[in-house]
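Heads up: the structure comes next, in structure tokens.
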Amino acid sequence: MVPAAETLNSSAGLTEEQKEFQKVAFDFASKELAPHMAEWDEKEIFPVEAMRKAAQLGFGGIYVKPDVGGSGLSRLDTSIIFEALSTGCTSTTAYLSIHNMCVWMIDTFGNEEQRHRFCPSLCSMEKLASYCLTEPGSGSDAASLLTSAKRKGDTYILNGSKAFISGGGDTDVYVVMCRTGGPGPKGISCVVLEKGTPGLSFGKKEKKVGWNSQPTRAVIFEDCVVPVGNLLGAEGQGFSIAMKGLNGGRINIASCSLGAAHASVLLAQEHLTVRKQFGEPLANNQYLQFRLAEMATRLVAARLMVRNAAQALQEGREDAAVLCSMAKLFATDECFAICNQALQMHGGYGYLKDYAVQQFVRDIRVHQILEGTNEVMRMIVARNLLQE
């Protein structure tokens, strides 16, 4: 019988270089993340030192240019790394993916002064970043955001609030979408704030189902003064910057789902082999064999979709945005179903916090909601199919 590791081989088709950094990521996941995953979840610890160790391997700015401390890798390389890391701790890897997206936005849309001011300390994860788009009244309808930035001399005065911000309050740099112009997407700009800016404050730490190794808070602006020199790109370019960031973010979060599903399939396979009922291992039950086969098949299919979309995004193809939406929709839905089925295969044990499978279920449930809900992903795909 072919070992499960071969059936699910996530290095198939990769270059030798990709296999090398995938191995580095898998090793880091097994040694530095997995042993602490349950504790970080239970005690709600934000594992900054572990993430700084990851940054020493180049994982703090994976697809950021090398001249400002990034690794300069491709979107496919990035997906491979996040998938591997997520097998160790999905919640921590998901924060890493958001941090990487923020650094990429500054690297790509910032001027030379901004790139060299912000990126090196973010790539080393000496400083941590948060992405601030969602508001209490604008989730899926991001273009209706209300946080205002009024020009006053060589500063902007920000007023408003952001909701569900990963890292909020514990991070150092905030990439903020705000309204400098009229209503709609063309009135939105992007500014970078640093913790300690007068008028910047945070709400209470949210109590969440999963993602407990990263804090989530509201970010509040009350006459918050930001230098005009912290504007990324041009006024009115913010919504475009936000959406381009999210194309990569969707691939990243889908990749985190792949890692959780991969780990859950292996946990289920082990449990079916060890657990006996009716005088024989559960692995002898054909129904469970078939379910395991379906889980593995859906995982491999999802991985191919994600990697195809990552390649399209890297190449700047016209269909990249819709492929990213398809991949995010398919991979996060399928991988949650895989993790949930793995839990079911564990029976009552799967519902105990001593067993890691329940944490994978809790941690990836939110992947169907953030970086654009899966309902919005369907809207994007349908709009593309029906456009004239």
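Counting begins at 1 with the first residue displayed.
Keep in mind that glycine also has a Cβ here, set from the backbone N, Cα and C atoms.
As annotated by TrEMBL, domain 'Acyl-CoA dehydrogenase/oxidase N-terminal' applies to 15-126.
TrEMBL lists 131-224 with the feature domain 'Acyl-CoA oxidase/dehydrogenase middle'. On the 0 to 100 pLDDT scale, the model's mean across the domain 'Acyl-CoA oxidase/dehydrogenase middle' (131-224) is 97.
What TrEMBL records for 236-386 is domain 'Acyl-CoA dehydrogenase/oxidase C-terminal'.
The active site, proton acceptor annotation in TrEMBL covers E371. With a 10 A radius on its CB, E371 (active site, proton acceptor) counts 29 other CB atoms from all the protein chains.
DSSP places the residues of the domain 'Acyl-CoA oxidase/dehydrogenase middle' (131-224) in helix, strand and coil in these numbers: 6 helix, 47 strand, 41 coil. Taking H, G and I as helix, E and B as strand and the rest as coil, DSSP gives the domain 'Acyl-CoA dehydrogenase/oxidase N-terminal' (15-126) the counts 84 helix, 0 strand, 28 coil.
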